[in-house]
Amino acid sequence: MAAVPDHHCDIGGLDDGEYFMNLTQDQRLTVSIPAQDDGSLSSCKMFREPQFHLLYNSSNATEIPAVPCQYGWVYDTSTFSSTLATEWNLVCDRKRMNRATATIFFIGVMIGAAVFGVLSDRFGRKSMLLVAYLSSITFGLASSLTTSYVMFVIMRFFTGFSMSGISIISIVLSVEWCEVKHRTFCGVFVGLDWTVGNIMLSGIAYFVKDWRWLVVATTSPLFLSLILWWWLPESARWLMANGQVKKAHMYLEKCAEMNNRMEFMSTIKPEFIFGAIEIPSKIAVYYSLDLIGRRQTEAATLLLTGVCIAINLFIPANLWIFRTIVAVLGKATSECSVTTAYLYTTELYPTVVRQNGMGYTAVMARLGVSIAPLIALLEDTWKYLPELIFCTVAIISGLVACLLPETKNVRLPETIEDIEQSGSRSNSRRDATLKPLTSGGDESGG
């Protein structure tokens, strides 16, 4: 949607109606647009007047003063008929506006995570999920009808705001309905929606060339979600925590009845590769979460992500095959980290503030995602600076994750008191482990 196709200055305004019009298109470009060091035509500069002598001698072409594009741009539409960049000329000195659309979207995601976290703890998971569905559809379709850049980014902000509600409420509602032994499977399985979405997006974008129709195509599946919403039960844990015991009992009876009666049943683009690698990643993290636990899985995947980024800092650009392999591995480990984080975060908070805590945690995550497109602009300062920042953040995050408590095979806490008691028991066990060593030291000293 925000892709920037090949482009150059529109040179139609240089047509003098005489000699210029008799030139071929390549010749017109030669006399109108300066060449860059690599021989390609400049995307953002043009000559104020046609330089006809360049048809015979181009040795001094770089010495001719050039000016920014005076009559707009001409874009290559062979791949995309329309993108945000071509719609509002978000190129050259306006390219930051194109990057800003992603930042504004994720700022909406960040704020939406906090707001929906509070509201779903107050009014329930199911009702706020419906609000998130309806608002996502409304703002998503509205963004495809915008006629100005400002209106588009406003609609994208509210689209991100609404979609954040879908994301955090879905994972919490799913995990709260699972018993301990199935929580790992549930947390990983729910994360597959992002994987399937990434794979489908690359296929849809291949056939849908216009950004407006692409927005419509990616928003439309939410109508199916509205239909499925009617069969979703409210969280029994939330109902009991809020005193609605009878209603919770009714849902639990339906769940038990169902469990007794039924069994639970071209061109390859980088986007497709990154989407496809998520499937084996989620399979691997499923077993890792049960084998080594949540904390070690989260810490290890974050550290490995940082290592992959660091390795690519030292691989030359011409060894693109190796860089791609390392990048795909980094994508796999980062996806494992995200999948683990959703499950792990849900297990850390008690029921009474779980959605609220999940929301505020997501705020910090979305803050990082919002800043990421802007960090990429730092490559103009030093081309390795963005990767160095991402590498450092991943490694520090992995080390910090080692400080979190383990939640593998631990009952979901219901209240704040449960968390405090759990901490007290951990301290008691640690003291009991140290006491014999202390006693032994005293005896030997006596």
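Residue numbers in this text run from 1 along the chain shown.
Glycine is treated like the rest: Cβ placed from N, Cα and C.
Note: TrEMBL annotation is automatic and uncurated.
Taken from TrEMBL, the feature domain 'Major facilitator superfamily (MFS) profile' covers 46-446.
Residues or ranges marked as region 'Disordered' in TrEMBL: 419-446.
The transmembrane segment annotation in TrEMBL covers 100-119 (among others). Same-chain residues lying 6 or more positions outside the transmembrane segment (100-119) and placing a CB less than 8 Å from one of its CB atoms are 2, 84, 128, 131-132, 152-153, 156-165, 167-169, 355-367, 369-374.
Annotation comment: TrEMBL describes 131-152 (among others) as transmembrane segment. Long-range Cβ contacts of the transmembrane segment (131-152) within its own chain (Cβ-Cβ under 8 Å, at least 6 residues beyond either end) map to 84, 88, 90, 97, 101, 116, 119, 158-159, 161-166, 169, 212-213, 215-216, 218-219, 222-223, 225-226, 229.
Residues or ranges marked as transmembrane segment by TrEMBL: 158-178 (among others).
As annotated by TrEMBL, transmembrane segment applies to 185-207 (among others).
Residues annotated as transmembrane segment in TrEMBL: 213-232 (among others).
Below 8 angstroms of C-beta separation, residues 285, 288, 292, 322-323, 326-327, 329-330, 333-334, 336-337, 340, 384, 387-388, 390-395, 397-399, 401-402 of the same chain, each at least six residues beyond the ends of the transmembrane segment (299-315), sit close to that stretch. The annotation transmembrane segment is assigned in TrEMBL to 299-315 (among others).
Annotation source TrEMBL lists transmembrane segment at 357-378 (among others). Within the same chain, residues 96, 99-100, 102-104, 106-107, 109-111, 113-118, 120, 164, 167-168, 171-172, 341, 345-346, 348-349, 385-386, 389-390, 393 sit at least 6 positions outside the transmembrane segment (357-378) and bring their C-beta atoms closer than 8 Å to a C-beta of that stretch.
Here TrEMBL flags 384-404 (among others) as transmembrane segment.
Proximity of distant same-chain residues to the transmembrane segment (158-178), defined by a Cβ-Cβ separation under 8 Å and at least 6 residues beyond the stretch ends, is recorded for 104-113, 115-117, 120, 125-126, 128-129, 131-133, 135-136, 138-140, 143, 185-187, 190-191, 193, 225, 232-233, 235-238, 255, 342-343, 346-347, 351, 354-355, 358-359, 362, 366, 412.
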